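Colleague: Got a structure for you, written out below as structure tokens; questions coming shortly.
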Amino acid sequence: MPRHGISPGEGHPRSSWETESDRSRGSPRLRLLWIGLAVALALPDSLVLWAPTGAHPLPAQSHPARFGRLVPQLRNAFGWWNLTCPVCKGLFTAIDLGLKKEPGVAWVGSMATKLCKLLKIAPPTVCQSTVQLFEDDMVEVWTRSVLSPSEACGLLLGSTCGHWDIFSSWNVSLPAVPKPSPQPPKPPAPGAPVSRILFLTDLHWDHGYLEGTDPDCENPLCCRQDSGLPPASRPGAGYWGEYSKCDLPLRTLESLLSGLGPAGPFDMVYWTGDIPAHNVWHQSRQDQLRALTTITALVKKFLGPVPVYPAVGNHESTPVNGFPPPFIEGNYSSSWLYEAMAKAWESWLPAEALHTLRIGGFYALSPHPGLRLISLNMNFCSRENFWLLINSTDPAGQLQWLVGELQAAEDRGDKVHIIGHIPPGHCLKSWSWNYYRIVARYENTLAGQFFGHTHVDEFEVFYDEETLSRPLSVAFLAPSATTYIGLNPVSPPSLQVTGSTK
């Protein structure tokens, strides 16, 4: 979405209650408005934006009704029925400038920490660490989206003063090439060649796992030194792992991968992300890169020359779920992560795949003639990716790129596998709606979809748009290796692809 900042000629008339000190820090009323808008995004009826899609697609909503109900309340509460557009933009420019200064960020962090503790969202130390980790990124996002002069004043005063389009609906373009008649899958001929694919997902290595510690602590992740010891009536964390809110020690992942030999041989591996642990309140970029390089080396050690095709999980970054689109540059960008992935995975991926991986964390390649593999960065559809508040319209142009890849595969007569981390049914409405349209259009070409993220063994069924009764595709969701939360550590499933890919 375009940014519409104040033009030099608009000026900043000051209202009777706005002082110079208000401009530098934001008055109590401005702070209350900031909190009011923040709460608005968290209201219960906002769940319509965040709920997973059902068995068939539903059009995304363009202007959420909750904001329509909220605006009169805000304007009445703050006595702004006579608020003019220039004053509104001046106020939100002051808010943005004040929040981005160190005292502003510190104030936001302090208030968020107090709120977290007051509502008992997490233990106090977790509240404080989480806020410290997230505050800079969140202030940057909010001042570039919900609190930008155009977005906020467009919401409060209407389209004549700005343009509010947070999570508005959008569509990708499909080619004018007519859709071929649906071709039901045919059983392979007797003796047809078989390809075996290993499916890895959600390993979640915990570098801090400690045997004997409390597996049922108050923190979001346990079985660690900061979990403390369990009461005498309960056993501590086991040597290999624990059926609780714990991730896995390295020795368990080594055992899992070393035991794959008898299940092979495998022609290739689909690895759909989430390498680090769930201690999301206390992770640095160095921690995430250590997890990436350590587990990548482990996979290479035990799987040898078998080609591995990874996808980016939501836990790979820090703060967790924070994946800015490529137009975000500098220290806030994800280049630190994508560059490290390209270096770690360069022996598995060709140059063309590494190029788009470095740009947006997605790629396409041909494992063998007749099959195209597409790895999507599903963080660009994620309801938890706060960077999408700035612009959620086809981030990185990934879906439009996907259309091009599928059309080219259809033209060649190839089949396509799609891998990713977050399943499409767990995405933002507009993204999921458009993905559904794409799957429906290319049902003859798309031979398989493979995702992780939920930690359990599931599948999602896609139906035709005309009758919503004819199944046209299935997405397979593999269970996790990690035990988080209270799960069996699952041996990775293997896929059998039988018959010609043509």
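Note: Cβ is positioned from N, Cα and C throughout, glycine not excepted.
Quick paste from TrEMBL:
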- Asp202, His204, Asp274, His455: Zn(2+) 1 binding site (BINDING)
- Asp274, Asn314, His421, His453: Zn(2+) 2 binding site (BINDING)
- 11-24: compositional bias 'Basic and acidic residues' (COMPBIAS)
- Cys85-Cys161: disulfide bond (DISULFID)
- Cys88-Cys153: disulfide bond (DISULFID)
- Cys116-Cys127: disulfide bond (DISULFID)
- Cys217-Cys222: disulfide bond (DISULFID)
- Cys223-Cys246: disulfide bond (DISULFID)
- Cys381-Cys427: disulfide bond (DISULFID)
- 81-165: domain 'Saposin B-type' (DOMAIN)
- 1-24: region 'Disordered' (REGION)
Colleague: Ranked by the number of other Cβ atoms within 10 Å of their own Cβ, which of the disulfide-bonded residues Cys88, Cys127, Cys153, Cys427 ranks first?
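Modeller: Checking each of Cys88, Cys127, Cys153, Cys427, the winner is Cys153.
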Colleague: To test your reading of the Zn(2+) 2 site: which residues beyond Asp274, Asn314, His421, His453, same chain only, put their Cβ within 8 Å of the Cβ centroid of those residues?
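Modeller: Other same-chain residues near the Zn(2+) 2 site: Thr201, Asp202, Thr272, Gly273, Gly313, His315, Met378, Asn379, Ile422, Gly452.
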Colleague: Please identify, among the disulfide-bonded residues Cys85, Cys88, Cys127, Cys217, Cys222, the one with the smallest Cα-Cα distance to His455 (Zn(2+) 1 binding site).
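Modeller: Result for His455 (Zn(2+) 1 binding site): the nearest of the disulfide-bonded residues is Cys222.
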Colleague: What does the structure give for the C-alpha distance between Cys427 (disulfide bond) and Asp274 (Zn(2+) 1 binding site)? Integer Å is fine.
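Modeller: That separation, Cα to Cα, works out to 17 Å.
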Colleague: Looking at the disulfide-bonded residues Cys116, Cys127, Cys153, Cys161, which has the shortest Cα distance to His204 (Zn(2+) 1 binding site)?
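Modeller: Going through Cys116, Cys127, Cys153, Cys161 one by one, the Cα closest to that of His204 (Zn(2+) 1 binding site) is Cys127.
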Colleague: Which are the residues of the chain, Asp202, His204, Asp274, His455 excluded, whose CB is within 8 A of where the CB atoms of the Zn(2+) 1 site average out, their centroid?
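Modeller: Counting only non-site residues, the set is Thr201, Leu203, Gly313, His315, Gly452, His453, Ser480, Ala481, Thr482, Tyr484.
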Colleague: If you count other C-beta atoms within 10 angstroms, which of the disulfide-bonded residues Cys161, Cys217, Cys223 is the most crowded?
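Modeller: Checking each of Cys161, Cys217, Cys223, the winner is Cys223.
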Colleague: Mind giving me a neighbour count for Asp274 (Zn(2+) 1 binding site)? Other Cβ atoms within 10 Å of its Cβ, every protein chain shown.
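Modeller: For Asp274 (Zn(2+) 1 binding site), the 10 Å Cβ neighbour count is 29.
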Colleague: Could you count the residues of the domain 'Saposin B-type' (81-165) that DSSP puts in helix, in strand and in coil?
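Modeller: The breakdown for the domain 'Saposin B-type' (81-165) reads 63 helix, 0 strand, 22 coil.
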Colleague: Between Cys161 (disulfide bond) and Asp202 (Zn(2+) 1 binding site), how many Å separate their Cα atoms?
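Modeller: Answer for this pair: 46 Å between alpha carbons.
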Colleague: Between C-alpha atoms, which of these recorded positions comes nearest to Cys223 (disulfide bond): Cys88, Cys153, Asp202?
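Modeller: That would be Asp202, nearest by Cα distance.
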Colleague: Which residue among the disulfide-bonded residues Cys116, Cys222, Cys381 has the fewest other Cβ atoms within 10 Å of its Cβ, if you could check?
Modeller: Cys116
Colleague: Going by Cα-Cα distance, pick out whichever of the recorded positions Cys153, Asp202, Cys217, Cys381 is nearest to His453 (Zn(2+) 2 binding site).
Modeller: Asp202
Colleague: Quick one: among the disulfide-bonded residues Cys85, Cys246, which has the most Cβ atoms sitting within 10 Å of its own Cβ?
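Modeller: Highest number of other Cβ atoms within 10 Å: Cys246.
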